[in-house]
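Undergrad: What follows is a structure written as structure tokens; I'll ask about it next.
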């Protein structure tokens, strides 16, 4: 498979790529080959009518679709597509070639119409406001498609009836010639031929318009719903997101919705739907999977009602042909309908269950990918893969059951016309009627005309079932509770903030008890010890609350908010930002607000755009903000200054840079109220002092600033201080007042006083990893885009992918078995109708009527049975292939190096594991099966006609060449359009997913419209390509239908001219078959396009499963490590050199040191010294360039990555929590007892060591019994956002304690906790990790001066390494200078050592 690179469109909303946007994958040569006629296959060159034309240049910009303003003839024949098809045949299509959507189809225009209708329908009390609003919006195009299909369906039925008269004409001529009577005039026969041909032509045009209008409506509905889901996600309340009890209004709406679905709520006040809440994963699934199902169903929706109409008309005509005998066949159809109804209900139920499993898989996949760095640190790849595999196993089994039922319905629906015709003909024969070829084969053609609607009806009903379920889910989401703006605005009040007895609550999942039941059922022996668990389970289920808050803050005041971990500092700011629900009292703000949260949300765009955040660029103000936030030095380092793309989630910049960017965003927003949640925790003291001076007390002077902080040394500069305790305001006052009168404040200050000087003077110039991350970028690149451009194949899906797909299905034997079953089923089917012709002409006089009937019935039954076996075998093999390829792709992705995740948007990966896998599961098998059945039927018909009408072969040759030319002409463009659409769709997913994760920040700043506009532009860009993917199908279909019409005409002429020589029975059989050709050719083209387009999804999954770069093996069988390794934890670095990528400078240079088992090493150093690189090297996130690292004598490069990482533990700076419970986060794979988990929570100070109750804030000196309780089953929401950053860091410490590894790496694990908790954590690390090897990368020198040795890094090398006291004695040493700047004296070091 040759690959080229799609230009990055996620940033520009789909702007054309630059000339230098191709990746180094040989795409230039590939595309040159595609465009070069000499590089094409000989038959492609021979059939190329444009081979002498010049290759057109790539346009500079995209233009509006040629459909806009096209003539009636051009629209009817899709001639407006011809210019693009021509370009696509001459060279691969580029993004600039893809036309934009018609102005009246832009999503903004459609959304406005939709929203007006939705409001109107909702106000009118419609039961299905969403459904009716969609109908109102797209009524004209929707009904036009339905009208076209009604005409088409009627013509499909009337054309076979007209063959009765042509067959009668042939019979008359045949009998007349045999009896010597005058033959009928040939003009009469030719008149029938012309009539049938005209009817076929009109039917073709109508069918293509129906399909085009249906797909167009589906694409437009998809666009509107994506925007609606996004808009709702921006407004969704925390309670609805978490799955909690909704407001009475929302409950009433949900009750109405459930009643319409014949489902009642379990009890009043119960959570919505399946009690899961609308987490990010479910919202993404709505946008990617459910919306796509609605889009798919729109394409052929009208078949659901036109099929019954055509069936009824056909039965009336059958009564005319066969009299009452047709009622026998009709009765069989009637009997079959209840079976179909029951089966559809079963499909509806199964699809709902499958949706839940798919949601689980997609949500877990997204969560794993978001925390992949942490998963790698702990070596959990295999365990998470097993968890995904288990969910996938149940999902595939459910899908296979669903498809088996669909196959049964399909085969029954295919068999019904056969058995109905069989029953009618047998009844007709047994009722003493002569089997005249004219009514018999006209009736056979009528029964055959029923085959397509009956075949498609169950598929369409299945799609409608899926869409109905999806529509209900979206409807349920749209009526979910919205975040109310509880905070009032009063521009005239003197204060900036006025809180009067206000109470707030976080809203989390109400169904935690249900989850707890499931977990306990899975682990019946895992129970909490009675002596440890809290007695009040209701309290443990309570979310954290702020109570009785009364506070007024002036417009120009700087107010600090302090308190212990979990006291409610961050919650107070979140409440003012609108993230918490007001439950009592009132809050009023006088002005606009900006929010700098503790956890920075970074967009996948440039640094400047992240700071501007939708505001207009003001160069002077921007420069002032950059300077005040100490970002100028960083801009000089970045390869393209502030235009540098900083990657998804800000992966290319350090924690300190993220925090400063966060502060800069809040300041640049120029609001009068600025909420700052611990903004100085991730920056060093030097930078923190600069920000305090220049930003908080500089640019923001004169504005209302509320600063939550652990840096208590800044309190003296604040106008007032708010002391939080247990979710309440404990005290408010000036620094002097609180120092004099408040005991809790005094206690906090006394704890902090030991560290305050260090915090003021500590002088690492910026956070340690900043320069190291910059070193990962090519310094000489002038404007490199960080995100890798998505691979895009420029050739058809190659045999490599097909072979991989067949192999993944089980074995290559499957392909042979499927082909054999298909051929056998078609042979039996053709023989069934051929036998009917022998019966009508009494070809075998020796056979009785009963024998004819018996053989005829046996062939019909055999045809249905073999078709069912074929269909079931194929769908089972296909879903097995999907399961295996997903497993390979997911395994490969989790085994990919971190550089892959750093340069690939999460939405792009999620797209492959949601949309593409959904296509492989549900659409690919159907498309391949229907294509295979239809193409073999066409071949069978051609062979049959040639056997009896030899001259047909002469006409077939030029028509076949025309068919082949048109197909080749089409496929070149179709491939490129689909691939462009796939990549543009990935960009929409990425943009949608990114914005959903940043909802809190987007809301706080009030920039929802900006992100909506960005998504809108991406959707329009995607639709520009998507609409063309089916427009070119229709262009081809019209032209191939012209071939089919000519085939009908030629066959009709041959029947007329051979009327004296060929039996009327054979003529009737041939005519009945040839009329099905037009439908079949249309269907073949459509299914071939579906197969190719759906195989594109397989190709993308296959690429992830085979082409991604891999890390070293997880296990090396030839070099296993014993269970007890490492027994001592001795680490040796021997001349270690490391660079992040080839061609980049070394970040570790000839580093050598020996760390004894049980030794505690503190690692410090200036910017870019290489401290974090040591961690990367030890975990082998980046492989060494030279040298080696040994642990207890074992070279870590010679053992498996899992064997290494599973024996290490890390406490990272950015802790990651997964959705579930505290138990599942501490011990996700049930490897430890509950007692061990409780002990870890106690040691990490997440629960009180002295009482039975478990409190979040054990460091709270007053230990209030009303504090939020934790149990092992306490729910952890998505990304753990219901816990403060400090609490998450404590959870990471508890996780490391549970792991009980011999070697622990600590990466500034206490940066977001207060000093009292920090002190207790240091004690825990000293006691809990006693005898363990501990490497600690530290910001606060005070925390490591009691370690055994200090390693001072400088420019990738060890500058100093010795005991703290010995390093202090070196007067010109780096460590000595750092200590002096931090206010650490010799006595401090000696004192700490003596304490030890």
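Note that Cβ sites are derived from N, Cα and C of the backbone, with glycine treated the same way.
Keep in mind the model is a prediction, meaning the values are calculated, not measured.
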Undergrad: Could you check which of 1002-1022, 1065-1085, 1086-1106, 1107-1127 is flagged in Swiss-Prot as transmembrane segment?
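TA: In Swiss-Prot, the transmembrane segment feature sits at 1065-1085.
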Undergrad: In Swiss-Prot, one of 789-809, 852-872, 873-893, 894-914 is tagged transmembrane segment. Which stretch would that be?
TA: 852-872
Undergrad: For the record in Swiss-Prot, which of the ranges 409-429, 472-492, 493-513 is the transmembrane segment one?
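TA: From Swiss-Prot, the annotated transmembrane segment range turns out to be 409-429.
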Undergrad: What range among 640-676, 677-713, 714-750, 751-787 does Swiss-Prot record as region 'Disordered'?
TA: 751-787
Undergrad: Among 606-623, 930-947, 984-1001, where does Swiss-Prot put the label transmembrane segment?
TA: 930-947
Undergrad: Sequence gap of 6 or more, Cβ distance under 8 Å, 3 or more pairs: do the transmembrane segment (852-872) and the transmembrane segment (409-429) meet that?
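TA: Answer yes: the transmembrane segment (852-872) meets the transmembrane segment (409-429) with 3 or more Cβ pairs below 8 Å.
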Undergrad: Would you count the other CB atoms within 10 A of the CB of residue 1171 (ATP binding site), including those on all shown protein chains?
TA: 24
Undergrad: Would you count the other CB atoms within 10 A of the CB of residue 567 (ATP binding site), including those on all shown protein chains?
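TA: There are 28 of them.
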Undergrad: Just counting, how many other CB atoms are there within 10 A of the CB of residue 1169 (ATP binding site)?
TA: 27
Undergrad: Counting across all protein chains shown, how many other Cβ atoms sit within 10 Å of the Cβ of residue 1165 (ATP binding site)?
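TA: Summing over all protein chains shown, residue 1165 (ATP binding site) has 26 other Cβ atoms within 10 Å.
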Undergrad: Hey, which of 142-162, 409-429, 951-970 has the most Cβ-Cβ pairs under 8 Å against the transmembrane segment (440-460)?
TA: 409-429
Undergrad: Counting only CB pairs under 8 A, let me know which of 142-162, 191-211, 816-836, 951-970, 1065-1085 has the most with the transmembrane segment (409-429).
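TA: The stretch I would name here is 816-836.
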Undergrad: Could you check whether the transmembrane segment (816-836) packs against the transmembrane segment (1065-1085) - three or more CB pairs closer than 8 Å, residues at least 6 apart in sequence?
TA: yes
Undergrad: For the transmembrane segment (191-211), could you work out the same-chain residues 6 or more beyond its ends whose Cβ comes under 8 Å from its Cβ atoms?
TA: 76-78, 144-146, 148-149, 151-152, 155-156, 158-159, 162-163, 165-166, 169, 299-300, 302, 1030, 1033-1034, 1037-1038, 1041-1042, 1044-1045, 1048-1049, 1052-1053, 1055-1056, 1075, 1078, 1082, 1086
Undergrad: CB neighbours of residue 563 (ATP binding site) within 10 A?
TA: 27
Undergrad: Let me know how many other Cβ atoms fall within 10 Å of the Cβ of residue 569 (ATP binding site).
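TA: There are 27 such Cβ atoms around residue 569 (ATP binding site).
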